[in-house]
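Before any comments, here is the structure.
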Amino acid sequence: MTAELGQAEKSPVAVLTQGGSNSLKGADGDGDAAAVVAVADERIKKRQSLSAIFTIIAAGAALISDGYQNNLMTMSNVLFKKEYPAQYTSVVSTRVSNSLLVGAILGQLCIGLTCDYLGRKTAIVLTTLLIVLGGILATAAHGVTPLGMFWMLTVARGIVGFGVGGEYPAASTSSSEAANERVLEKRGTVFILVTNLPLSLGGPLAVSIFLIVLSAAGEDHLSTVWRVCFGIGILLPLSVFYFRVKMVTSKLYRKSAIRRRVPYGLALRYYWKTLIGTCGAWFLYDFVTFPNGVFSGTIISSVVDTHGDTLRSTAEWQLLLGAIALPGVFLGAVLCDKVGRKNIMMLGFSGYLIFGLIIGCAYDKITKIIPLFVVFYGLMQSSGNFGPGDMLGLLSSESYATSVRGTFYGLSAALGKTGAAVGTQAFTPIQNNLGKRWTFIIAAICGVVGVLVTYFFVPNVTGEDLAVQDEKFKAYLIEHGWEGEMGVNDDKDVAAVEEDEEVAASSLNVGEKGVRV
């Protein structure tokens with residue numbers, strides 16, 4: 001078994017120096033052979049480095065698309081209620097909103113497994129295609145009756161959700177591994193800026209586009225408004241599709257992937273405590289943040305309506321709310337290495353406690369002053385972005401070995417989206433039966449539980465090389481008798497390596513046969 005592991009971990013250049021040495025000795029000598037290896041190695045490193053940069057950038061561009069899709073229903077719920085007051089009941093609204101969540105849960109689980117079994121690139125390309133397909137169906141949604149149209153929209157949003165959910169493990173694991181190779185010392189900051197920041201920007205972007213389209217089409221053409229907004233969501237993932245097709249599999253994955261006989265039992269025994277931490281904290285975070293995001297337009301609309309304002313006014317206040325929530329993302333990115341991931345996450349959950357209690361206890365008075373209400377509401381969301389919003393993805397990508405990173409990241413995120421679905425489903429009954437203030441008081445309670453879960457179960461991860469985690473996990477597997485192969489070469493990556501070697505050999509005139517892997 002040790003021999004199998006050693007062979008699987010050899011890089012193409014290592015194989016070149018060992019297996020190709022005989023053919024090179026017959027050329028111009030060992031000096032030229034070493035030069036060929038050096039040139040080929042340098043070209044491979046440059047290709048890998050360039051791919052890492054584009055992988056990181058493409059992840060950010062794609063996740064802003066996911067943030068856009070997550071927040072698309074915020075103003076759409078308000079619009080549909082205005083356009084179809086009789087048909088768009090709270091039941092229909094919850095069903096349409098939850099369809100994205102159900103799809104996301106399935107996507108996170110399935111694509112998380114795909115990440116580890118078939119590779120990051122395969123998973124990423126698949127998620128992009130699903131988001132585009134679902135977006136096309138949502139834009140073209142029709143029915144004999146409005147209810148039929150909403151059922152088609154529900155199915156379409158479910159497909160989008162599958163793709164959006166899959167983006168979490170696919171884009172996050174690939175960007176984390178790419179950042180580990182390219183900017184190890186600032187991996188945490190870079191990861192947050194290309195994951196949670198784009199996701200958070202998706203909210204203001206969705207509202208901004210809504211306002212622009214509403215201004216162009218007018219409130220007499222609401223059907224045009226929402227269809228154009230849904231259609232724009234198709235363009236965002238397409239803009240980075242080419243770069244995703246061309247990406248190169250990370251060195252970490254090629255070295256540590258397990259595609260056969262994956263020891264899930266041993267992995268669960270090794271990571272059970274960490275899984276409770278990431279899954280539990282993500283459940284609580286999404287239970288609070290998702291319904292408060294999806295229905296924030298409805299909440300603000302109910303406050304604005306008492307002042308006789310319009311749909312446009314609701315959107316403008318919603319845009320301010322999204323803007324106030326953004327500074328927390330930047331603050332978390334800057335402080336993640338200085339303060340520590342675990343400490344920041346506990347501080348963020350504490351923000352839910354503080355601002356949730358302020359809004360909940362003073363709800364009747366604070367809602368009479370719209371700017372004050374929006375500011376405190378925004379600060380509560382900003383604390384969520386600062387803490388669990390920034391740290392959960394980062395911790396989930398750093399706490400698990402490469403061979404199970406996609407699976408366990410997807411599982412953690414899926415539990416989060418389960419919390420989002422439960423929160424969305426419970427949001428309206430809580431408002432109707434307990435009163436609107438209780439949505440914020442319950443958020444405060446979740447903040448307390450979140451602090452406890454983080455303290456007892458989330459590991460205090462530092463910014464060490466992800467390869468260290470891989471080595472520890474491999475040693476654990478070997479110690480417990482696992483026998484299997486670790487490491488894989490992507491066929492297209494090998495072809496690219498061979499091309500680099502042939503070019504290097506040709507440039508140094510080391511023989512007609514060149515260099516072969």
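The chain as shown is numbered from 1 upward.
Note: Cβ is positioned from N, Cα and C throughout, glycine not excepted.
Curation plays no part in TrEMBL annotations; they are all automatic predictions.
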TrEMBL record, transmembrane segment, of the ranges 27-45, 369-387 the matching one is 369-387
Honestly, do the transmembrane segment (50-68) and the transmembrane segment (150-170) touch, with at least three Cβ pairs under 8 Å and pairs 6 or more apart in sequence?
yes
Which of 123-144, 266-285, 317-336, 369-387, 438-458 shares the most C-beta pairs under 8 angstroms with the transmembrane segment (190-213)?
317-336
Taken over the domain 'Major facilitator superfamily (MFS) profile' (55-462), the model's mean pLDDT
89
Pairs 6 or more apart in sequence, C-beta under 8 angstroms, 3 or more of them: is that satisfied by the transmembrane segment (88-111) and the transmembrane segment (369-387)?
no
